[in-house]
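Comments concern the structure below.
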Amino acid sequence: MTPSTPDLAATSADPLADSPFLQACRGGTPRHTPVWFMRQAGRSLPEYRAVREGVAMLDSCFRTDLVVEITMQPVRRHGVDAAIFFSDIVVPLKAIGVDLDIVPGTGPVVAEPIRAREQLDQLRPVEDGDVEPITAAVRELVRELGSTPLIGFAGAPFTLASYLVEGGPSRDHRLTKQLMHGDPDLWHDLAGRLALIARDFLRQQVEAGASAVQLFDSWAGALSLADYQEFVAPHSRTVLEGVTDLGVPRIHFGVGTGELLHEMGQVGADVVGVDWRVPLDEAVDRIGPDRAVQGNLDPTLLFAPTEVVHAHAARVIEQGKAAPGHVFNLGHGVLPPTDPDALTRLVDFVHGHG
Ligand SMILES: Cc1c2[nH]c(c1CCC(=O)O)Cc1[nH]c(c(CCC(=O)O)c1C)Cc1[nH]c(c(CCC(=O)O)c1C)Cc1[nH]c(c(C)c1CCC(=O)O)C2
């Protein structure tokens, strides 16, 4: 290169090169502890409730303008270190034509719950055309977000299967476990199809510009370790290892997964999300020293006085130092009645403290 040639590396510099979130995911020590919140976009924000007025949840997920606006809202308001793409775990199922809806106050409800082999054919692969408004939103968001990374996500096979088999949210996942143990071949076919759907949905988001992914196995904590290993781990591995070549950090999270943390780290995760039940230093002992962690302030603590929230947050940051990288988050999603100012104060505290 002659001295007069512009330095290409400098002119096309990667705006995400200094991202504290990406550095922590990769096991580095960024300038401050990065923080984002599961469900940061949503009902805790008055600006969210305003734009969602009169628009059904699933319709909003297929409207590029709304996805972009809703994803940006918490980034503008709280100054979090990552955006999470506004969508839902059932969106790829809706996109391939599964008859389901998201009922306010309940969650996903499936018109014809899956109980028999003949019903599996509807679970075909997600093609690019099925999710065009969504990938368009990802492309637009990545431009608008600049130096803030975008996290893409999908629901893991077990959590998706639970909604499809039960027909809606379930406390005990009875029918799902009945299928697993009563007809293991059908279970593995179902979970295998869901794994390909989740994998392809993640790939589509990353190819459109998302710079990390999170696989939500929210309800995996309902399983014993033995059942997780036999019936779930191989399928979650298909999803996470199916995006390895894209080179983005992979976060894997579930609720009540204290007994599964090690295994969840072994199915292709770079970062293991931990709920509030297990202190992060103890979680690191279980997961092993070669994974970053994400978590884990109890979301209900945000209803406590600020000094109590911050004392607990300081403890989370301290305990997170046991891991090679720590992304601060809640132990599960933001609860809708949370005061958004409490979230903004928490972001400022984490940035000033870590
Ligand atoms: C289990 C699960 C679902 N959806 C999701 C999970 C995994 C995460 C978790 O464990 O919480 C994932 C999800 N759903 C939503 C996001 C948005 C991104 C973000 O985190 O900010 C994410 C990451 C939006 C949403 N998804 C949903 C809402 C609320 C709908 C509304 O605003 O009317 C939002 C903002 C609906 C939904 N969808 C689901 C539930 C249980 C609900 C709540 C039902 C209710 O209480 O009304 C299924």
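Even glycines carry a Cβ here, placed using N, Cα and C.
Feature annotation from TrEMBL assigns substrate binding site to ARG39, GLN40, ALA41, GLY42, ARG43, ASP88, TYR163, SER218, HIS332. DSSP assigns ASP88 (site 'Transition state stabilizer') to coil in the three-state reduction, placing it in neither a helix nor a strand.
Here TrEMBL flags 34-43 (among others) as domain 'Uroporphyrinogen decarboxylase (URO-D)'. Across the domain 'Uroporphyrinogen decarboxylase (URO-D)' (34-43), mean pLDDT in this model comes to 97.
Among the features that TrEMBL reports, domain 'Uroporphyrinogen decarboxylase (URO-D)' is placed at 151-167 (among others).
Residues or ranges marked as site 'Transition state stabilizer' in TrEMBL: ASP88. Of all Cβ atoms in the shown protein chains, 17 besides its own fall within 10 Å of the Cβ of ASP88 (site 'Transition state stabilizer').
With a cut-off of under 6 Å between the Cβ and any atom of ligand 1, the recorded positions ALA41, ARG43, ASP88, TYR163 reduce to ALA41, ARG43, ASP88. Residue counts for the domain 'Uroporphyrinogen decarboxylase (URO-D)' (151-167) under DSSP (helix as H, G, I; strand as E, B; rest coil) come to 10 helix, 5 strand, 2 coil. For the pair ASP88 (site 'Transition state stabilizer') and ARG39 (substrate binding site), the C-alpha distance works out to 10 angstrom. Most Cβ neighbours within 10 Å, among the binding-site residues ARG39, ARG43, HIS332: HIS332 holds that distinction in the structure as shown.
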